[in-house]
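Accompanying notes for the structure given below.
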Amino acid sequence: MAKKIAILTSGGDSPGMNNAIRTIVKTSKIHGIEVFLVYNGYKGLVEKTIKNANEINVDQYIGSGGTFIGSARYLEFKKLEVRQKAVQNLKEMGIDSLVVIGGDGSYAGAQLLHELGVKTIGLPGTIDNDIASTEYTIGLDTALNTIVENVDRLRDTMNSMNMVALVEVMGHGAGDLAMLSGLATGAEIIVTNAHRKSIDEMIEIVKDQMIAKTKRSVIGIVSEFIYDDLKKVAKEIEDKTGIRTRAIILAHTQRGGNPKAYERINASFLGIAAVESLLKNESGVALGFKGNKIISTPIPEALKAQNSAKNENELVTKINKINQS
């Protein structure tokens, strides 16, 4: 059974991370487990920027976005001697267990520590929803709400001015943010890695929607990294249709903001489950959702799992047909 637990957040921040941290701290205290907070991800493990959670009122962050303990990408952690330093720091403080909240890169780090004898649990924290071992990642719902709110505002002004807007959203190769926000906003064009469109195809959609069907606007939602320069795509559409077209990059706004209720609830349940897993002496596993249940998957399996590109393509095709009809 765990006696001292440390928590870190790693990689890109996501709304809801603070809620997971809060419930890990409070659940641990109920079971008499001492909790420590690692600041700035794996880098903090190596530099020993670790504080006792008793010094912090975690309840004050229940409605705050981001992660109050900070996060970082730390490529140095791939080196064995660097990881050994991290393990040494944990041992010196008597910490035997670690909960890592982050994406697949964070999971990889947790697995490496597990192999060095540290009990580790991974929680899925990323707005991209790109961890195939879970149906839902901490941050997805709030990021979707942020995208939808921005697209709704864009629709107002695009309708007023008879314009086209191409909105780039995050995803890290996964299409969930584009697909789901496209469904929620009625975007006439949705482009993901699994469902790509040429510029000529988008031009034909714009002509059909705004000239043949006399719609006042077209919204396209595009996953990041599909096109080298979305502004050039927008200009080509404008040049070939005569309809003013703008590229909108939402960028890091998607990662910020107060976590929505659904986010807080799911993150909290995962935090509780993380402590319960450690109480059962589990290690080297990633927790996630399947339906309404929290499941446990060995981290190597979680890293190998892949979402179906075919399913995504079929879903986006259906949504595009509905939104263009």
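For all residues, glycine too, the Cβ spot is worked out from N, Cα and C.
Arg73 (ATP binding site) carries neither a helix nor a strand DSSP state and counts as coil. Long-range Cβ proximity for Arg73 (ATP binding site), meaning a same-chain Cβ under 8 A and a gap of 6 or more residues, is found for Ser10, Gly11, Gly41, Gly105. Here Swiss-Prot flags Gly12, Arg73, Tyr74, Gly103, Asp104, Gly105, Ser106 as ATP binding site, drawing on sequence analysis.
The ADP binding site annotation in Swiss-Prot covers Arg22, Thr23, Ile24, Val25, Lys26, Arg155, Gly186, Ala187, Glu188, Lys213, Lys215, Arg216, Ser217, and the record cites sequence analysis as its basis. Within the same chain, residues at least 6 positions away in sequence whose Cβ sits under 8 Å from that of Glu188 (ADP binding site) are Ile205, Gln209, Lys215, Val218, Ile219, Gly220, Asn320, Asn323, Gln324. A coil conformation is recorded for Glu188 (ADP binding site) in the three-state DSSP classification, outside any helix or strand.
The Cβ of Asp104 (ATP binding site) has 22 other Cβ atoms within 10 Å, all protein chains considered. Positions annotated as Mg(2+) binding site by Swiss-Prot, on the basis of sequence analysis: Asp104.
The DSSP secondary structure for Thr126 (substrate binding site) is coil. Per Swiss-Prot, substrate binding site is recorded for Thr126, Ile127, Asp128, Met170, Gly171, His172, Glu224, Arg246, His252, Thr253, Gln254, Arg255, and the stated evidence type is sequence analysis.
All protein chains considered, the CB of Asp128 (substrate binding site) has 27 other CB atoms within 10 Å. For Asp128, the entry in Swiss-Prot reads active site, proton acceptor.
Here the Cα atom of Thr126 (substrate binding site) is found 32 Å from that of Ser217 (ADP binding site).
Of all Cβ atoms in the shown protein chains, 17 besides its own fall within 10 Å of the Cβ of Lys26 (ADP binding site). The Cβ of Gly186 (ADP binding site) lies under 8 Å from the Cβ of Ile219, Asn323, each on the same chain and at least six residues away in sequence. DSSP assigns Ile24 (ADP binding site) to a helical segment in the three-state reduction.
The ATP site, placed at the center of the C-beta atoms of Gly12, Arg73, Tyr74, Gly103, Asp104, Gly105, Ser106, has further neighbours from the same chain whose C-beta lies within 8 angstroms: Ser10, Gly11, Gly41, Gly102, Gly109. In this structure the C-alpha atoms belonging to His252 (substrate binding site) and Tyr74 (ATP binding site) are separated by 19 Å.
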